[in-house]
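A quick write-up on the structure given underneath.
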Amino acid sequence: MADNVLRKLIVEICSARNLMPKDGQGTASAYAIVDFDGQRRRTKTKFRDLNPQWDEKLEFFVHDVATMGEEILEINLCNDKKTGKRSTFLGKVKIAGSAFASAGSETLVYYPLEKRSVFSQIKGEIGLKAYYVDENPPAAPAATEPKPEAAAATEEKPPEIAKAEDGKKETEAAKTEEKKEGDKKEEEKPKEEAKPDEKKPDAPPDTKAKKPDTAVAPPPPPAEVKNPPIPQKAETVKQNELGIKPENVNRQDLIGSDLELPSLTRDQNRGGGYDLVDRMPFLYIRVAKAKRAKNDGSNPVYAKLVIGTNGVKTRSQTGKDWDQVFAFEKESLNSTSLEVSVWSEEKIEKEDKTTTTTESCLGTVSFDLQEVPKRVPPDSPLAPQWYTLESEKSPGNDVMLAVWLGTQADEAFQEAWQSDSGGLIPETRSKVYLSPKLWYLRLTVIQTQDLQLGLGSEAKSKIPTTELYVKAQLGPQVFKTARTSIGPSASSSGSGNPTWNEDLVFVASEPFEPFLIVTVEDITNGQSIGQTKIHMGSVERRNDDRTEPKSRWFNLAGDEKKPYSGRIHVKVCLEGGYHVLDEAAHVTSDVRPSAKQLAKPPIGLLEVGIRGATNLLPVKTRDGTRGTTDAYVVAKYGPKWIRTRTILDRFNPRWNEQYTWDVYDPCTVLTIGVFDNGRYKRDESGKQGRDVRVGKIRVRLSTLDMNRIYLNSYTLTVILPSGAKKMGEVEIAVRFSCPSWLSIIQAYVTPMLPRMHYVRPLGPAQQDILRHTAMRIVTARLARSEPPLGQEVVQYMLDTDNHVWSMRRSKANWFRVITFLSRAATIARWIHGIRTWVHPPTTVLVHLLLVAIVLCPHLVLPTVFMYAFLILALRFRYRGRVKVNSVDPRLSCVDSVAPDELDEEFDGFPTTRQPEVVRIRYDRLRALAGRAQTLLGDVAAQGERVEALFNWRDPRATCIFVVFCLFASFLFYIVPFKVFLLGSGFYYIRHPRFRDDMPSVPVNFFRRLPSMSDQIL
């Protein structure tokens, strides 16, 4: 954005719905107060209306265009105090600056009103539009030349008289302006409902402070402002008035409320944050340019840097301007001196027309590394200086360079030649990637008309009906509607109008594909009747289900002989109210809707320090003699992917890089993977290798304490066809910062996904297909970056193969179910022990507890919840304080899996194994499915016995049950309910002496009821 562009934010307050009554008479008199970047505007009051309609536009100036996305627009809906004595707060809405649309692309969005505190009674929603307009500033008016008479008079007057007259004119102008403003206020006073506690606007600055030499014309009258800013009282800006209490945290820059949240995402706080990692000292050398005594600019020149056995040179250039930065890791240096030399290359052509290059040294300058200055940001960069090159053959040459000791936090580090990552190799540099913005594209196929099927007379007699379907294609995605049939008479006359009313949902990524191709095809002859292309730029967008997209007619074009084949009636829209899932639902890291107008402001900040790895195993060989690992780390949270630099040929690499993400939901997962870089080198044919997975960990943010640093080493385990293998450990530091407890509580009580997922849900099978489609789109888009993020890396991070059958995963899920049911089994064993009087004192206490529950039933719920409170409070001390749970190898059953099961897990679709191996696996799967089949039959039989009891399938059993119900009704009518509960309880826990080992009467009766098992073939 150019600096000379003025930006205005337009907030159009349209209407509100279903507000909370506040005046005691079932109505409310609502008005809206809008705050943005220190500016406040107010709408008119709509008296006694729970569905007010304003349609007012409020304008705000954007002071800093670059940081507009970090500002917060807050709308507070209030009830007029004059109409009621109750609370005036009706709700609030906060919109992040990144959700503002440009002029022309704005849409009406209804935001649900949020509570100010937990105890607020708020309901309803407010509809508004927020967009910005860029304007060019008006040209500065040219200074008018004073008239000659006025100028001469001014020159003739003494300085004292001139100053006095100037001051008099300014005083009169100020009085005139104040009078006009006063008249204007008197006119506007009866129109507006001014608050008694409002302050007057600040007075204009004293014009006497500036005394121009020439006469000043009276200022023009002030321009009328449609929405004047509302002065704020000191009490209104307090945080307790807004229901938000700031929470003190460890870091000084994290103190504040959610109104101060944009300060967490400022660049100055992000750029200077390296408190989660260790400072790595680097020796920086900036080689700017060289100057020769003999002005010979024809020969290329380069500089050579030597530190012990480490040497590197700049690129060879004729202009002698390099401006290159070199960063040497201090721990790897084996010398205390730096030698910089400048060399000249000269090409000599021999008699046989061959060219040879000779190099000549122009001079050398040395530095003692113990005397190199240190620089720590935010210090300014060290200015390069001219140094004279010492040379006996070519004296008088100079080189401009700067040498300093810094850390990885230095601004020059990212673009510098780095000694630990192989220099200036693009594939080994740290990068940040962004996933493409994904949308759901909904195509509703309604019907077709005037189809020109073109069947001959012979075809009509052979084919009684014609089956049609509609195929839609967006890029590589192809979806088809169901088949529909039309009769031969309709097909012959061309009057067939088949109707579908079916939705086809695609995944579209920005920038969109140019066209959506819709084709009507005939199944009977396998030919296309006609097709049309819908331009994606003409597709409208909707954010909720309150507005339906407009239906449109498109002509179907056939081949050259039939330019018109009919027309098709469809609805097309981009669904902005959904979140497009591109990862598994249980490890999702982002749940925001596609439309940025619906996005909420971030609630916190996630900071991740990738420190290093230890004891990595070699994954490849170098020079055919020794193993090596070139490791780097990829972290994903939300649409942001980060990739650290690759540390070459080290088993204990240290990255010490820190990154930040905005957090919009605490119940999300951070995914971190370690890989071996195989792409920075090419083979003999020029093809890049593949990156090898080393391990992966996940950190769920909801398990982290806020504003606390977690520094742990996580085991890296990878599943190979030969079995599970421990590849090493990675050291990660994580901190989740959130300045407001209220934002966290609101996040826990709101739905996980946007509203459209619940009002118009997608089917499980359809959502699974769309998720894998989104994964493929993200993988393909990141693979086209430069340098690319490999397909194997993205697939491993997104878990694209989690739907594939795996015996290991099936066992892991089965053991999870068993672990959960084991707690219920423990309770059942405890109750059985009480029934059988294993511990008589406990059974006696249960008798007393049963009597207390029956006699005082109102104490049951308080006792249960108090017991739960005490249990959870006592377990607080045993929570995981230090270690954050990540991938659990034991829970994943990686140690108890057979080699054949692992080989089956790595087998693709279709299988590539031998038929004998496939037969064995199929027989094993049949055995497991047989057990599941028997279990399902037993469960179904229990439900069928209950249905048989009420359907008189066994007349005698149902008759017995009917007689029992009759006597039971008389018994329960006569016997008090408390007596029945005591009797039933005492009978259930009676002493074993009064028990029988045989099954009870109800169990015998239920097992004799018939089921449908005997009717299954």
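Glycine is treated like the rest: Cβ placed from N, Cα and C.
Look at Swiss-Prot and you will find D296, N299, D352, T355 tagged as Ca(2+) 1 binding site. Here N299 (Ca(2+) 1 binding site) comes close to T318, S344, E345, E346: these same-chain residues lie at least six apart in sequence, with C-beta atoms under 8 angstroms from its C-beta.
In three-state terms derived from DSSP, T355 (Ca(2+) 1 binding site) belongs to an extended strand segment. What Swiss-Prot records for D296, D352, T355, E359 is Ca(2+) 2 binding site, and it gives sequence analysis as the kind of evidence.
For 217-231, the entry in Swiss-Prot reads compositional bias 'Pro residues'.
The domain 'C2 1' annotation in Swiss-Prot covers 1-110.
If you look up Swiss-Prot, you'll see 258-387 marked as domain 'C2 2'.
Annotated domain 'C2 3' per Swiss-Prot: 420-554, in sequence order, evidence recorded as sequence analysis.
Under the heading domain 'C2 4', Swiss-Prot lists 587-714.
The annotation region 'Disordered' is assigned in Swiss-Prot to 139-231.
Sequence-distant contacts of the transmembrane segment (851-871) (same chain, at least 6 residues past either end, Cβ-Cβ under 8 Å): 978, 981-982, 985. The transmembrane segment annotation in Swiss-Prot covers 851-871 (among others).
The feature transmembrane segment is assigned by Swiss-Prot to 957-977 (among others), with sequence analysis given as support. Within the chain, the transmembrane segment (957-977) has long-range Cβ neighbours (under 8 A, six or more residues past its boundaries) at 948-950, 1005, 1008-1009.
Across the domain 'C2 2' (258-387), the prediction's mean pLDDT works out to 80.
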